[in-house]
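A quick write-up on the structure given underneath.
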């Protein structure tokens, strides 16, 4: 019967390349010794109530044989090895779909070599559907479908609805062939076929041992390929593995290679590393800081006028007076202040009051340059250069010599990022000096501490910039 089932198989060439083949060969050597007539596991026929169970042996027989013949001292190790072999389907319990080994009187049976995984079986879902359909045709308690098999059969019947008649006919033909076999032979072959499918379509929760590890497959295809880091250092971790095959000796590193290695390790020592606890604390602090600005978590203040009857938001926008919550956000960092148009305006006013606004004006001019059309970029680069960096510039900024020299070279070939280094230097200066003074200034503190006062703004007449929609909504109020 086993030979009559046409399950899909791969070619011999692919079989030899499979990373699992080494494991299969070792297991099959042990199985061959187990089946030896003189020194193997004794196989017997057990008499049960009104029936016989042919060609079986117990789980304790396997464990004892492994301990005796493979010089294994620990019974737990022998049980683990036997479980791995059972999971690959070389022997199986006759009354359980879970392929595991138990050190007791549970009966097991050897799998026929035709169904061994070394034959590289790749059975299709249609084959599985034929097998399950055939099981339903045989009115025997031992062939009843398990719950997960019944679910699989229903799913396959839906998937192959158009060709189900052909599947049913194939199952019916196989069932007729099975009926012509001897009773004992049929019982053995039925259990072996069931074990085959327990390997390739395992019980939910069990591991499919036929899957190929992509890392092992890659190593098998490139056995002599060495891994190198991006810095040119050879990764010799595999050389310490007990299963690694030594590669031919390589040339000793040259002086330049040693210098590169020293430089690489020095860079690694200087790298800034953070503990996961510090990263988690930083993330929690950021979340707590910005939680009140997330409308999904905290109701916005003022509320959305399109969702409520409160027009405070429109009134604040019309008055151009920033809310207390908005001003508070400027203190989180200089990026928050520069990102807000009102924040930029207040920051610029503060710097103008101290006669030091040239840094911020330069930074804003460079940001504007990045958004200009390409045809306007060369002329705008010259304007920025003449205003902030040229000798005798009216709003000269203070740059270090390195940034100034690089910017001078970049101006010869003007582009949107000509002043990138100068802008970064000015940004750091403002962040360390101008921005802290702005946050500590009385102007910012007054905006921050100002209490929101109730406003009695007359609804009529509407200002001339009021949209018709807004005018209509205020009339309704």
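Each residue, glycine too, has its Cβ placed from N, Cα and C.
As the structure is a computational prediction, the values presented were derived from the model and not from experiment.
Database features (Swiss-Prot):
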type	residues	note
DOMAIN	37-112	domain 'DEP'
DOMAIN	255-316	domain 'G protein gamma'
DOMAIN	333-448	domain 'RGS'
MOD_RES	229	phosphoserine
MOD_RES	241	phosphoserine
MOD_RES	243	phosphothreonine
MOD_RES	434	phosphoserine
REGION	236-257	region 'Disordered'
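Per DSSP, the domain 'DEP' (37-112) is made up of 24 helix, 20 strand, 32 coil. Secondary structure from DSSP puts residue 434 (phosphoserine) in a helix. Secondary structure of the domain 'RGS' (333-448), assigned with DSSP and counted as helix (H, G, I), strand (E, B) and coil, comes to 87 helix, 0 strand, 29 coil.
DSSP states for the domain 'G protein gamma' (255-316), grouped as helix (H, G, I), strand (E, B) and coil, give 39 helix, 0 strand, 23 coil.
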